[in-house]
Amino acid sequence: MNILINLSKDDWREFRTLVIEMVMATDMSCHFQQIKAMKTALQQPEAIEKPKALSLMLHTADISHPAKAWDLHHRWTMSLLEEFFRQGDREAELGLPFSPLCDRKSTMVAQSQVGFIDFIVEPTFTVLTDMTEKIVSPLIDETSQTGGTGQRRSSLNSISSTEAKRSGVKSAGSEGNAPINNSVIPVDYKSFKATWTEVVHVNRERWRAKVPKEEKAKKEAEEKARLAAEEKQKEMEAKQQAEEGAPGKAQSQVNGTHPNKSDNPRGKNSKAGKSSGEKQQNGDLKDGKNKADKKDQSNVGNDSKKTDGTKKRSHGSPAPSTGSTSRLTLPGDYG
């Protein structure tokens with residue numbers, strides 16, 4: 001069923017523009033700017049702009065569950081937080097940081113609701129109440145002065161005679177042809193603030209009563225997590241120390257059973273290998289020295305043999321005469 005079928009083209013465009021602006025105003029990122037703009041508008045003598053007023057009404061309705069009975073308010077709170085927590089679970093899977101109120105392990109529900117009421121809900125309802133009073137009060141005063149019941153009018157825009165006729169539409173649930181009473185006089189708007197203020201106060205106090213218990217549970221959980229982290233750290237350190245000690249022991253065993261030819265050719269360990277190497281080196285030096293000594297002794301023996309040979313020749317046979325070869329014979333010597 002198309003509820004907009006009877007709207008003119010201009011009305012349809014206006015309606016569409018209003019809906020878009022109102023829906024966009026429910027974005028919480030625009031909350032504080034919206035409240036500030038409305039507070040400023042309330043200080044001005046001019047009438048409140050229709051789109052701004054409707055946007056604030058829809059935004060207030062969107063966050064209004066703290067102004068409802070506790071059972072309904074609590075159910076909506078837990079449903080909304082579960083939606084946040086599921087978003088946080090997905091963020092954790094993707095390795096993203098948690099958005100506010102999205103970590104189910106650390107979010108304190110009671111404390112968050114107290115803050116939500118104090119800083120968001122109550123100020124918004126206060127501004128809405130002030131705006132409603134500014135819009136409705138002139139209508140009540142006007143109706144009282146005319147002495148009639150009056151038809152509901154908008155202080156934002158004037159209503160044409162055609163629209164006035166439409167206001168007499170009959171209710172399907174009413175008896176006979178009795179028209180709907182659209183008078184603003186029966187509306188007790190002054191009790192509106194007292195009603196929501198009382199309900200919000202009750203809900204806030206119930207949440208506050210839960211805060212100490214929630215804080216205690218959080219501290220216990222944090223302490224438990226801390227102890228678990230310390231125990232895990234100790235286990236990791238012990239494992240690391242065991243891993244660091246294992247290679248040395250294994251290397252020692254390897255050196256004892258399977259010598260490394262390049263590092264330790266003679267011993268079971270590095271000291272034995274070093275001692276063996278030193279012994280071998282000293283042995284080589286001694287061998288070299290002995291060989292040198294033997295060589296020197298051999299040379300001495302040879303020299304001795306030569307000397308002895310010479311002596312033997314001198315005693316055994318006459319030494320060859322060098323006179324005939326070295327002495328020059330002159331002719332005058334003959335005779």
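Using the three backbone atoms N, Cα and C, a Cβ is placed for every residue, glycine included.
Here TrEMBL flags 1-214 as domain 'PDEase'.
TrEMBL lists D62 with the feature Zn(2+) binding site. For D62 (Zn(2+) binding site), the same-chain residues lying six or more positions away in sequence with a CB closer than 8 A to its CB are T26.
Per TrEMBL, the feature region 'Disordered' maps to 139-183 (among others).
Taken from TrEMBL, the feature compositional bias 'Polar residues' applies to 142-162 (among others).
Residues 105-106, 108-111, 114 of the same chain sit 6 or more residues outside the compositional bias 'Basic and acidic residues' (208-242) yet have a Cβ under 8 Å from a Cβ within it. The compositional bias 'Basic and acidic residues' annotation in TrEMBL covers 208-242 (among others).
The region 'Disordered' annotation in TrEMBL covers 208-335 (among others).
If you look up TrEMBL, you'll see 250-259 (among others) marked as compositional bias 'Polar residues'.
Positions annotated as compositional bias 'Basic and acidic residues' by TrEMBL: 284-311 (among others).
The compositional bias 'Polar residues' annotation in TrEMBL covers 319-328 (among others).
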